[in-house]
Amino acid sequence: MAAAAELSSSSGSERSLEQCSSPLLTREVLCEVFRSLHTLTRQLNLRDDVVKITIDWNRLQSLSASQPALLLTALEQHVLYLQPFLAKLQSLMKENSTATEIRQTEAETKSELRAIHPTEDLQDEGKPKDCDVGDVKKTQNLFDPEVVQIKAGKAEIDRRISAFIERKQAEINENNVREFCNVIDCNQENSCARTDAVFTPYPGFKSHVKVSRVVNTYGPQTRPEGIAGSGHKPTGMLRDCGNQAVEERLQNIEAHLRLQTGGPVPRDIYQRIKKLEDKILELEGISPEYFQSVNFSGKRRKVQPPQQNYSLAELDEKISALKRALLRKSREADSMAAHLP
């Protein structure tokens, strides 16, 4: 019984001692934390006018001690908050050490080159005259890493190139849809902006493709006729309008539009050219690929037989005539069947 009483009394005294020392230990840890802040400012050489931490140690000792669990949680959160900054500083130190090693290697290589080829044998700095090919290649490989603008790996560069191509393709697709298709039916499996095109005129134009008209304020048309044709001898091309440049323009446009050449020439030749050029501009505004298959050459194109080429109006007229003939034959057949007994 006496031994049990002694054990209980000793354990109770130890428990009371721990309870008394726990607030003191917590207060001591808190004081050391604030002292570390003072130490940090001194290590960073920060003056009092930059960072000033004022702590009343007497009042801090007299304050009631905080709970150890609360202090532990606060310190752990603070350490976790500082860990990303530690990682950034470590990576920065590695980069600085790598740059320092590169500069040291460059300096050593330059010193070796100077030792092998003294300055008396060099006419210009950076242009060795008696160096062998290997030393010249070494000097060419030396460069400042700060000059490199794109610091990325091959995979990243390939990703950027593919992203650029995809973005440009998306812009082209969007432009085709905007210019050639008014409404897109997303439920269709097979569709295209060109095949499903709905004629939507471009704002300010008669077509759905933006075109620009060039106005030449100075050119052959503004010059006197005597100056324009004074230095040229008359050739076979001058028999139509009397001006070689104008005749060439007419031939190019007529070949471009596949018009039948010959016939009476209007009196105002420039008005004729203007009408032809306006027609080309209108057709190219409807579709840029309208004349894509036309190949220009220096020679004039041969005129195809008129019976092989038909316009839309001529085709419509032939179709309507064929319908009328078939309708007339069917009526005649019906009338003959009605007269039969």
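Glycine is treated like the rest: Cβ placed from N, Cα and C.
Per Swiss-Prot, SUMO2 cross-link is recorded for LYS94 (among others). Applying an 8 A CB threshold to same-chain residues 6 or more apart, the list for LYS94 (SUMO2 cross-link) is empty. LYS94 (SUMO2 cross-link) falls within a helix when secondary structure is assigned with DSSP.
Residues or ranges marked as SUMO2 cross-link by Swiss-Prot on the basis of similarity to another entry: LYS127 (among others).
The SUMO2 cross-link annotation in Swiss-Prot covers LYS137 (among others).
Among the features that Swiss-Prot reports, SUMO2 cross-link is placed at LYS151 (among others), with the record citing similarity to another entry. Every protein chain considered, the tally of other Cβ atoms within 10 Å of the Cβ of LYS151 (SUMO2 cross-link) stands at 7.
The SUMO2 cross-link feature in Swiss-Prot is assigned to LYS233 (among others); the stated evidence is similarity to another entry.
Sequence annotations record features per position, and here Swiss-Prot assigns SUMO2 cross-link to LYS299 (among others).
The feature SUMO2 cross-link is assigned by Swiss-Prot to LYS302 (among others).
Taking all protein chains in view, 10 other C-beta atoms sit within 10 angstroms of the C-beta of LYS323 (SUMO2 cross-link). Residues annotated as SUMO2 cross-link in Swiss-Prot, with similarity to another entry given as evidence: LYS323 (among others).
Cβ neighbour count for SER91 (phosphoserine): 10 (other Cβ atoms within 10 Å of its Cβ, all protein chains included). What Swiss-Prot records for SER91 is phosphoserine, and it gives similarity to another entry as the kind of evidence.
The N6-acetyllysine annotation in Swiss-Prot covers LYS299 and rests on a large-scale study or a structure entry.
The annotation region 'Interaction with MAP3K12' is assigned in Swiss-Prot to 170-341.
Rounded to a whole number, the distance between the Cα atoms of SER91 (phosphoserine) and LYS151 (SUMO2 cross-link) is 16 Å.
The average per-residue pLDDT of the prediction over the region 'Interaction with MAP3K12' (170-341) is 69, rounded to a whole number.
Between SER91 (phosphoserine) and LYS323 (SUMO2 cross-link), the C-alpha separation comes to 86 Å.
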